[in-house]
Amino acid sequence: MARKKVLVLHSGGMDSTTCLLQAKAEGHDVASLGIDYGQRLLVEMMFAEGQCEKYSIPRHVINVNWQKAERQIPLNRSVEEMAHSVSPAFLPGRNIVFLGLGHAHAAGIGADELQIGLNCVDFSGYPDCTTQFYDSYCTMLNIGNPGGPKLVAPLLKMSKPEIARLASTLGLQRNDTWSCYRPQIREGSIVACGECDACKLHEFAWQELK
């Protein structure tokens, strides 16, 4: 496999961290890109930074903010419930903005690829996590920046348990990444709530490995 310069859009969650470590394991020249968009989950940025430090991967961060509507975080939904509706936690425009910024940054540093942890075999029902969205975005980028970095989604058609299995082979453990929408402070430590959709999906993914 030819060595490439790969920029990974990296939140600190399981999917994007798996992409990051897989690209590194394949021998590519890898860098991590985080987007600080005024999110409530600064803990995810801390996890991403810690992962990059642990694996000696350069970390880039873009700071951007825009007006966001208040969102309700649903609790204790089953995986089956998540499959049949768009979560109230969906943030319109987020992936559209992230991929545009990521692609521009990838072009700026001379990367061959922008890798993303997009996963359409998911239960969130997010319209910007579908094969149609991904294919359409790739088409737009090819028109708007022909010859630019390729947008690659290595996990696109993998299930959550399959991603967890791959993550495990790369050395990741269940608590090495952060996905929770509602971090809690317990006994002076930041912990996942265990009730939001992200926590339930994370639990589902890793339980399947037992």
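Cβ coordinates are placed from backbone N, Cα and C, and glycine is handled just like the others.
What Swiss-Prot annotates here:
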BINDING   His10, Ser11, Gly12, Gly13, Met14, Asp15, Ser16, Thr17, Thr18, Cys19, Leu20  ATP binding site
BINDING   Cys180, Cys193, Cys196, Cys199  Zn(2+) binding site
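Taking the C-alpha atom of Met14 (ATP binding site) as reference, the shortest distance to any of the binding-site residues Cys180, Cys193, Cys196 belongs to Cys180. Within 10 Å of Cys180 (Zn(2+) binding site), counting CA to CA, the binding-site residues Gly12, Ser16, Thr18 contribute nothing.
Ranking the binding-site residues Cys193, Cys196, Cys199 by the distance of their Cα atoms from the Cα of Ser16 (ATP binding site) places Cys199 first. Using CA atoms as reference points, the binding-site residues Cys193, Cys196, Cys199 were checked against Gly12 (ATP binding site), and the closest is Cys199. In terms of C-alpha distance, the listed binding-site residues Cys193, Cys196, Cys199 place Cys199 closest to Leu20 (ATP binding site). With all protein chains in the displayed structure included, the most crowded Cβ environment within 10 Å among the binding-site residues Leu20, Cys193, Cys196, Cys199 is that of Leu20.
When the Cα atoms are compared, Cys193 (Zn(2+) binding site) and Thr18 (ATP binding site) turn out to be 22 Å apart.
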